[in-house]
Amino acid sequence: MAGRLLVLLRACTTTTTTTTTLRLRSNAVVRPLVRAMATAKGIPTDEEQATGLERRALQALKHGKDPYSMLKPKEYAGTKEEPHIVPCIGTKRLVGCLCEEDNTAIVWFWLHEGDAQRCPSCGSHYKLVHHELPH
Ligand SMILES: [Zn+2]
C-alpha cells in the first residue's frame, strides 16, 4: 500500500509539468514522511544515546578528565621546570625519546619514579607521574 502510494506520488510530481494530471482517490490520505526514530524533540545527541563505556568516557570528558587517553597528549617544553610528563601505573617505565624531529633512531631509557630525569642523548627532562587505570 505504501509502495503504491509512493509510486502514485512520484507519478504526480513528474506529470505536473505536462497537461495531464493524476488525481488521487478521494479516500487517500497523504501524510508527510516521518522517520521511525524521530521524536518531538528532534534527533538525539551523542550524549543522549551513548551507553556503557562510551557514556562514561563522554561524562568524564565533560568534567575535563581523560581517563582512557583519548585526547592528544599535552606537549611540554622538556626543560627542568616543565618536564615531559610520563604517566605510569608502576615505579618505572621505558621511554623512547625522538631527540630531534627528523631523527630515524629512537633513544630508549628507563624512567624511574622521583625527580625528573634527562634523556642521555639530547638532555630533555622527563618526569614519571603515577596514573590510575579506569575500571
Ligand atoms: Zn632525547
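Here the Cβ of each residue, glycine as well, is placed from N, Cα and C on the backbone.
TrEMBL has this to say about the protein:
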SIGNAL    1-17  signal peptide
MOD_RES   K74  N6-acetyllysine
MOD_RES   K92  N6-acetyllysine
BINDING   C97, C99, C119, C122  Zn(2+) binding site
MOD_RES   K127  N6-acetyllysine
Just to verify: the residue among K74, K92, K127 with the fewest other Cβ atoms within 10 Å, which of the modified residues is it? K74
In whole Å, how far is K74 (N6-acetyllysine) from C99 (Zn(2+) binding site) when you measure between their Cα atoms? 17
Hey, how far is C122 (Zn(2+) binding site) from K74 (N6-acetyllysine), Cα to Cα, in Å? 20
Please work out the number of neighbouring Cβ atoms within 10 Å of the Cβ of C122 (Zn(2+) binding site), leaving out its own Cβ. 13
Listed modified residues: K74, K92, K127. Which have a CB under 6 angstroms from an atom of ligand 1? none
Going by Cα-Cα distance, pick out whichever of the recorded positions K74, C119, K127 is nearest to K92 (N6-acetyllysine). K127
Within a 10 Å radius around the Cβ, which one of these binding-site residues has the most neighbouring Cβ atoms: C97, C99? C97
Other than C97, C99, C119, C122, which residues of the same chain sit close to Zn(2+)? List them in sequence order, counting a residue when its Cβ is within 8 Å of the Cβ centroid of the site. L98, E100, V107, P120, S121, G123, S124
Would you mind reading off the Cα separation of C97 (Zn(2+) binding site) from K127 (N6-acetyllysine), to the nearest angstrom? 13
Looking only at DSSP and grouping its letters into three states, which state does C119 (Zn(2+) binding site) belong to? coil
